[in-house]
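Engineer: Input: one structure, supplied below.
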Amino acid sequence: EEAIFLRKKITLLRAFSLLIGSMVGSGIFISPKGVLKNSGSVGFSLVVWFACGLLSMFGALCYAELGTRITKSGGHYIYILETLGPLPSFLFLWAEFFAIRPANSAVVSLAFGRYMLEPFFAPCAAPVPAVKLVSLLGYYMVLTLNSWSVTWSARLQTVLSIVKLLALALIIVPGMMLLAQGHTENFQDAFDRELLVLDKLPLAFYAGMFAYSGWFQTSFVREELVRPERNIPLAVIVSVITVIVGYMLTNVSYYTVLGTQDVLASPAVAVSFVQRAFKSLISVVPVLVALSCFGTMNGGIFTFSRTLFVASREGQWPPLFSMIHIRRHTPLPAVMLMFPLVTAMVCIGDIYHLMNFFSFSRWLFIGLATLGLIVHRHRHPELHSPFKVPLFIPISFTIICLFTVAMSFYSDPVNISIGCTMVLSGFPVYYLIIRRQMSSRCHSLFHYLTHKLQLLLEVVQQEIKTY
């Protein structure tokens, strides 16, 4: 009896919570080890953290302008499609579905499981099978919630964003207190050049950028935002500045309490920190960190389902995934599609290998999206944008992204080659399936299966366009 479409339910506060909740997750609690390992010293690792924050701000500003120029949801996918064309957008979609998003979700899920179990097994490490089981249970809970209600998913994100900031505060405050008391011994020879290995720096940036990743999340839900022209830039600028300050203070606190060897040896840096600095909270902080990861999982599912939804609407993904549940008004098929791949990667994956594996593809396409902003400005000089950044920002951001991607082939050739192969494997799929029309027999079978699944899931096509 009512129109079926995705409602505008994301206010400025919810947009801010989505960004904070997506950025502050597992990254700040697991990435310090990866950044330090590949940068060589405390000083250079802090420089990498700040540089990653600045780079994230550049990217976020570019995406804020793209979000005011291009009024569709879909994030990286729709920006590449509208500016560079259907082939690169399909290659992104292919890599995102089979590599980037499941690997990213698996990393966050494994961090959730590890921190959730840490208090029960301390000082020993939690058993790997138990970590993977709890990781999958957490992921399935978030999947169920996103299938059930957009409103409750957004409310949970707001609550968990507060929890995330509380978790950071519980690390920052004791670290700053010790630093004020003169505990600076771990910062001696902070910039030891002998430990710096230049060809490992791209991996340090990947680890740091993974911790900041999430600054682009509002672009995936653009059609569901209230007053997007105002709220996208405002939410992006405030949230990224908040996270940069929080991350820098958190890392300084880590290094004030823990030496470099402690950070490198720790499977869970935040837990090691609390064991050393604040033993009364030994059972509290890991749970807060786990809840932070839970929020990141929620934000990731919430936004990626919109990418599949928009890709299906644009004709580059099966039509079932542009359908919405008739009562819940959620993109149910798109939400459920990641279930098998994430399950497989959690079962067989390792956090740091997975991180390098998906980072190559992610930053390649983010660089292409900001290149698309430059192209779009050149093609449509008459188009008025309510938010516009200086041209040097998208140019410098694009160059840095593509340069880092190229350098990473020297740093981790095996995982990067796998990621590159995954991207290139989309070429034959695009030309054999997307560009070519199916035979009438195949089309009839495909239509029959889609119809049966539509009845089973109780979903229908969106009735009106909201962009």
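Quick reminder: no glycine exception, Cβ is built from N, Cα and C everywhere.
So TrEMBL has the following annotated:
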type	residues	note
TRANSMEM	12-30	transmembrane segment
TRANSMEM	42-64	transmembrane segment
TRANSMEM	76-100	transmembrane segment
TRANSMEM	120-142	transmembrane segment
TRANSMEM	162-183	transmembrane segment
TRANSMEM	203-221	transmembrane segment
TRANSMEM	233-257	transmembrane segment
TRANSMEM	277-297	transmembrane segment
TRANSMEM	332-354	transmembrane segment
TRANSMEM	360-377	transmembrane segment
TRANSMEM	389-410	transmembrane segment
TRANSMEM	416-434	transmembrane segment
Engineer: What stretch in 42-64, 76-100, 162-183, 203-221, 416-434 has the biggest tally of Cβ pairs under 8 Å against the transmembrane segment (389-410)?
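Structural biologist: Selected stretch: 42-64, with the most Cβ pairs under 8 Å.
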Engineer: Under an 8 Å Cβ to Cβ limit, what residues of the same chain, 6 or more beyond the ends of the transmembrane segment (42-64), are close to it?
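Structural biologist: Contacts of the transmembrane segment (42-64) (Cβ under 8 Å, skipping residues fewer than 6 from its ends): 32, 35-36, 75, 79, 186-187, 190-192, 196, 201, 204-205, 208-209, 211-212, 215-216, 218-219, 232-233, 236-237, 240-241, 243-244, 247-248, 251-252, 255, 260, 366, 369-370, 373, 387, 389, 393-394, 396-397, 400-401.
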Engineer: Is it true that the transmembrane segment (162-183) and the transmembrane segment (360-377) have 3 or more CB pairs under 8 Å, sequence gap of 6 or more?
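Structural biologist: Touching, no - the transmembrane segment (162-183) and the transmembrane segment (360-377) miss the threshold of 3 or more Cβ pairs under 8 Å.
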Engineer: What residues elsewhere in the chain lie close to the transmembrane segment (203-221), defined as a C-beta under 8 angstroms and at least 6 residues from its ends?
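Structural biologist: Sequence-remote neighbours of the transmembrane segment (203-221) are 10, 15, 18-19, 21-23, 25, 27-28, 31, 33-35, 37-39, 44-45, 48-49, 51-53, 55-57, 59-60, 63, 66-67, 73-76, 79, 104, 107, 231-232, 235-236, 239-240, 243, 247, 296, 299, 302-304, 306-307, 355-356, 359-360, 362-363, 366, 404, 408, 411-412.
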Engineer: Ranking 76-100, 233-257, 416-434 by Cβ pairs under 8 Å to the transmembrane segment (360-377), which is first?
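Structural biologist: Checked against 76-100, 233-257, 416-434; highest Cβ contact count belongs to 76-100.
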